[in-house]
Structure formats: structure tokens, C-alpha cells
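Working notes, beginning with the structure itself.
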Amino acid sequence: MTTDVIEQDSHDEHHDDSHEHGKMTGIKRWLYTTNHKDIGTLYLWFAFIMFLTGGAMAMVIRAELFQPGLQLVEPDFFNQLTTVHGLIMVFGAIMPAFTGFANWMLPMMLGAPDMALPRMNNWSFWILPFAFAILLGSFFMESGAPNFGWTFYAPLSTTYSNGSTAFFVFAVHIMGISSIMGAINIVVTIMNLRAPGMTYMKMPLFVWTFFITAYLLIAVMPVLAGVVTMLLTDTYFGTSFFDAAGGGDPVMFQHIFWFFGHPEVYIMILPAFGIVSTIIPAFSRKRLFGYSSMVYATSSIALLSFIVWAHHMFTTGMPLFGELFFMYCTMLIAVPTGVKVFNWVATMWRGSLSFETPMLFSIAFVILFTIGGFSGLMLAMTPVDFQYHDTYFVVAHFHYVLVTGSLFSIYAGAYYWLPKWTGHMYNDTLSKWHFWCSLISVNLLFFPMHFLGLAGMPRRIPDYALQFADFNKWVSIGGFAFGLSQLIFLAVVIKCIRGGEKAPAKPWDGAIGLEWTVASPAPYHTFSTPPPQKDIDNADQHEH
Amino acid sequence: MTNKEYESYYVPNQSHWPIVGAVALFMIAFGAGNYVTDLSKQESGYGGYLLLAGIALVVYMLVGWFSDVINESLAGKYSHQMDNSFRQGMSWFIFSEVMFFAAFFGALLYLRVFSIPWLGGAGNNVETGAVLWPEFKAIWPLIKTPDGTTTTAMGWYGLPLINTVLLLTSSVTAHFAHSALIKNNRSQLKAWLGITILLGLAFMFFQVQEYAHGYSEEMRLFLDSGVYGNTFYLLTGFHGMHVTLGCIMLIVMWLRVLKGHFTPENHFAFQAASWYWHFVDVVWVMLFVFVYIL
């Protein structure tokens, strides 16, 4: 195995020299690049900067909620903060971070020279900073930033808009263009650029999850574009799609929005499944348990995601048949999700486990994501949801799946591949500090929210009744601690880029995958010629 | 080992077109945001100019980017695999367009099947109908809204029917042009493609006529005439924009044919424009059925 690695390295270096273009220097390298690794890096840094920006807003929110009464910010500004916090975390942090992983890893995992459409890849990225400049810029405009919640329900965003709707709509439009082009690139790369001999069922599960996620994106981002367009015409051009006086229906907004929105939440979790399914086998020194069932489970979740949207709207007065249909379909999703959780546990079962930081984040993911899944099941029950709807229970639920789910998987993946990306090992002690501080503070932050919600504290409010004060104090302390803990990660990454122990081509003894057959850091161009068949066979995640 | 048969995949050099495109989209989004916001306050600002400048920059970017691609293609840098990437990319782009229209068709069906009958008191909404707007009649086309705005419905005969015939015919002539290209019959290719473009332009002409008729005092069918006018203009309007885009694509293809581009084996761009044209045609058939006839 070692000799293979060396052969491959020298081979790639040789090829790198003969390639017609290398890196450009300075800012031009990043502005004009067509290299999947450069673009991946851009996506990841952008996502992290947005994460800190959205996080700073969360800090203000938690500071305001530290004790009852209005302390720091005006209620209207509080609404702007919750709205933009949500939009940034969904569209600016989690989604671009996953796209960054896709860009960095897919060509290397598939044995491809680059993404299929490299120039379009660059375009997809560079639209994003501009889109978020518009969104964040609206804080400094006369109208203020959007204040109608990240779900921008009509008529809050139409009749009662503070005037920020137009900027919001056009920012979402160009974000959507970026996402669709990124997703098309991912699908085409996977369908067309697999190395010869890599059949669909030999692809790493990581690739499968991004494949399915990209399909979801292509299917639903245009629906988002459609619904914001109707929002725009309702607000500014006199249409009444979401206004009963003209024959429309505000509830129709919610239907169309959640037809986008529910697949969207799987867009933010399926890639996490792929990352965790890569890491858990590596540190269990076993192959992934039930590879095929993982592929089918992921596909089932994706298909089901199209017929469950109205579980977000149980309290809107849907016909009874609708409530029951959406309740049962939603609960069905627990089946393929359960398959996954059991497969991860079975992969660890009797494995030779070690607990490096990527593994710690992955195990935390399995446990805490499952908690988020169970609270999701509670919310799926129509009569129960009547009680929980729009309370902090919902906030607790989706932060468990998005923070301890998606975000933890992103950390796991970042620690796992940082040696490959930078050529250095990260500082192990600091990374463990990051993990344990995050783990403890995140539970202090989000777990008590369940109790607050069950006791009836509504979400999206700047003030609350006195009986919620104690829990909110602890939640805020957890929030500040969690926010500060993320700066440890920034320190780890900067130290890792600047230096540290030299990483071998394959720093994890149990890792499999084509990315470990090339040097660390990965050469600027990898796999200009396809990898040998035996490397592809070695990378197969099936149990033997 | 399969390396022998491996054609190398062309990874393009660094390019400045994407960042130009990103700046252009920013100008469009920010300009349109300003323009619309100013419009709602009845002020005038620089938004409209920024928007137009952005559109001009997008056109400049597209011309530059595509001419790079065309030159690379003519220089023989593209493998069969590259061609496949383009084809698959275009197919998924068209699929995303299908989903965009699906959102509006979904809205149309929801309005017709649920919201209008419910406003009229159907289901468990008897009280809604009786208390809010007792005079309201749940009919489609909705020529009188709950708040009393009246309008007239656009019939399917006349211009819409003519347009249907024009667009369906143009899909057939586009197919003939493609067949001629595959048979390498250049004069037939030029003729059929030219006819397709003329049919597309005629469609656009009649669509403008129809809008003028709709906005006349006689019909008083406006964008803000309740959900009938909303869905009518949004669906036909977005379709019309797509026809315009399709026509531009076809004209570019025609000019490239005149310059001697495309071979029977290698004509992705032509294929893409033709797929797009067929897609626009299928959307029109759906429109004709669900917006005009039913």
C-alpha cells in the first residue's frame, strides 16, 4: 500500500509540471481560478466567515434574552437579527460549507481531474459574496434588514413588510442561481467524470449523498425562485397570490415555500450523513456496515422529502385528510433514518475504535442528531404539534439537527481532511478543547430550549414571561460559551495552515478512499490520468 | 488498465468571465432592488440605470465566455466526455426551468382547486364565505374578486390558438433543421432554422398584441386584476421571456451556421438551443390547456 502511494505521488507531481496552467499569484488566483481545490477553499472560508457573522447575531439575540424585559435592542431590530441569522446560517454557512466539501473532495474521490464545468464552478462561488453583501447591506438601508423571519411568510413579508422585501428577493434570486449551478456541476461531475471502473455502487457513500443532495437542489431551488417572485409582485406590483381579497391565499405561500423548504432541510443533512459515513468506518477500522442500504435509505429520504412539507403547517387549518397524510408520511422518514443510525452503530460494533477529533465529532453527531430526530418525530404528530408549534421546542429541534447535526459533521469532516488540505496535522490538544467545549456548551445552549418550548415559550420574541427566566439565563450562558468555543477552531485552522507536524499521504490508518492515494497536501491538479483499478477497488466501502 | 483509451478531460485555464458575471448579477440584483423600492415610494433613483448596466455586462460576459468556449471547441480541445458534460449540464438546467414553471402552475392549481372554492364557502369554510364576502361567487376564470375588482377572461380561440399553431409548427421545423444538420445538408439547415426563428418572432409579435388587447379598455385584464390576471400574466409573461431567450439562442445558432460552424457529429450548442426550444413549446402547451382552455 505504501509503495502505491509513493508511485501515485511522483506520478502526479510529474504530471503537474507538464500541465499547461498552474496557480496564478495574488488575488487573481482566487478571482479567476478554475481549480476545484481553490474553489473549495473559497467556499469553506466564506462559509466560516458567514458562520461567525450569523453567530455574532445569535450572540446579540442571546444577550437580549439573558433576562426578561427589553435590554439591548429594539424589538424590530431583534426581528431583523433572528431573520438574518437564519438566512445566513442556512444559505451562507451550512450550504456553502457542504459545497466546499463537494468541490474539494468529489474529484479526488472519483479519480477525476477536476469538476466537470470548472469555469461555471467559479461563477457559482463568486455570486455568493455579492448576494450576502446585498442581504447584509440592507441593515444599513433606510428600511432595515428583513424582519419577517427566515421563512418570510406572507403577509409579514408583503403587506406588513418594512420595505426590505425587494432587496431580499433579488438576493435570494442570485443565491438560487449560484446553488443551481453548483448542484448541476456536482451532478454532472458524478455522472460523467467517475474514473473508469468506478461504478455507481462503488462510489464512496460521501459521493452518493452529495449526488442526491444536488438533485434535491436542482428540483427545489427554482421553486424558491418562483415563490419569492410571487412575493415580489404581491408586494410591489399589485398581485394578490397571497391575499384573499384578490382571490389568493396566504396559506398558499406556506405550501409553496415548504415544498422548497422541506427538501431544503435534507439538503443540509444528507451531506452530513455522507461525511459521518466516511469517518466512522475509518476510526472503527472496519468497512461501513450496510453500504447498499445506506444508498437506498438516502434515496428514500430524498423522495419522501417531497411529500411531507405541510407538517410545518399543521396549525393552518388544513383539511383533516391533509393533516393525517402529512403526519404519516413524515413518520415514514424515521424508517430510512433509523436504518442509517443503526448502520453507524453496527459499523462501530466490535470495531477497533480510536477517538481522534473527527471521530469524536462523528459520535457526537450520531447521538445528538438522533435526539434532534426524535424531537422531530414528536413534532410530526399533528395533535402534539398543535401544542409545540412556534415554541422554543421547535427551535431546540432544528438546532439539534442543524448545529449538532450538520455543523458537527462539517467539523468532523474538516478535522478529517485538514491534513490532506494543508499538508499538516492539526494541533490535537486544541482540537480536543474545541470538541469538548463545543459539546458541553451546545447542550447547555439547546437542551433547556426543549423545556422552555414545552412550557409554552414562543419563538421569535425579544421578551418573555418571568417563569422562563432561569432556563433562558443558562441557555444564554451556553450560547456565549459555544460562540467562544468556535474561535478555538479558527485558531486550529490557522495554525494548521501555517505549520505543524508534516502529514503523510494517509494520516489515518483505517481510512479508505482515493484521496489518500495522493500526497498531502494534495497536488494542485490530481488525477489528470485516472487512478489504477486496484486503487478504486481498495476504495470500495462495501464489507468484504 | 484502461489508460490507453483515455481521452484527457479539458480543464480550462483561469478565466475572468465568471467574476465579470458575478459582478453583473450583483448589479442586476442590487439595481433591481433599488429600482423596485424607489418605485414603491414613487421616487426616482439610480437603480434602473444600474440594472440596465448589469444586463449589458451580462450580455458582454456571455458573448466573451461563449466565444472562448466556441474557440476551444473549434480548436478541438473538447473530448467526447466533455460534450457529455455539456449535454448533461443543459438537461439539468432545463429540468430546473421545469421546476420553476411548476411553482407557478402549482400556484394556479392551488388557487383554482382550493383557495377560490374555500373563499366561496366550500369545505368547512361556510362561515368564511358568509361573513367576509357574502356576495363572492367562486367561479373560474375569476372575473370578480372578493373585494370587487372586475375583469374579463381571455378566450382560447383567436390569438392564443394561432400562437399555439405557430409554436407547435416551430418545434417541428426545429426538428427538421436538426435532421438536416445530421445529414449535413447545410442549405436545408439554414432554411429550416430560419423558418423556426421567424415562427418564434411571429409568436412574440402576437403575444404582444394579446397583451395590448388585455390591457385595453374593452378587456381591462391587468396584472393586478385579482388572481386570474396575476396567474395569466405571470405564467404567459415568464413563458414569453423564455421564448425571447430561445429566439436569441436560435438566432445565434443561425449566425454560427452561416459561419460554417457545427458538424453532423459535433453540434452541442445547436442541440442545446433546440432542446430549449422544445421545452418552451411544451410549456406553452401546458399553458394553453391550463390557462386558456380549462
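Positions of Cβ are set from backbone N, Cα and C atoms, glycine also.
Feature annotations, courtesy of TrEMBL:
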- A:8-21: compositional bias 'Basic and acidic residues' (COMPBIAS)
- A:534-544: compositional bias 'Basic and acidic residues' (COMPBIAS)
- A:30-534: domain 'Cytochrome oxidase subunit I profile' (DOMAIN)
- A:1-21: region 'Disordered' (REGION)
- A:523-544: region 'Disordered' (REGION)
- A:42-63: transmembrane segment (TRANSMEM)
- A:83-104: transmembrane segment (TRANSMEM)
- A:125-145: transmembrane segment (TRANSMEM)
- A:165-193: transmembrane segment (TRANSMEM)
- A:205-232: transmembrane segment (TRANSMEM)
- A:265-283: transmembrane segment (TRANSMEM)
- A:295-313: transmembrane segment (TRANSMEM)
- A:325-346: transmembrane segment (TRANSMEM)
- A:358-380: transmembrane segment (TRANSMEM)
- A:392-412: transmembrane segment (TRANSMEM)
- A:433-454: transmembrane segment (TRANSMEM)
- A:474-494: transmembrane segment (TRANSMEM)
Q. Could you give the mean pLDDT over the domain 'Cytochrome oxidase subunit I profile' (A:30-534), rounded to a whole number?
A. 96
Q: Test the contact criterion for the transmembrane segment (A:83-104) and the transmembrane segment (A:165-193): 3 or more CB pairs under 8 Å, pairs 6 or more apart in sequence, then answer yes or no.
A: yes
Q. Same-chain Cβ contacts of the transmembrane segment (A:474-494) under 8 Å, 6 or more residues past its ends?
A. 48, 51-52, 55-56, 58-59, 62-63, 65-66, 411, 414, 418, 426-427, 430-431, 433-434, 437-438, 440-446, 448-449, 452
Q: Using DSSP, tally how many residues of the compositional bias 'Basic and acidic residues' (A:534-544) sit in helix, strand and coil.
A: 5 helix, 0 strand, 6 coil
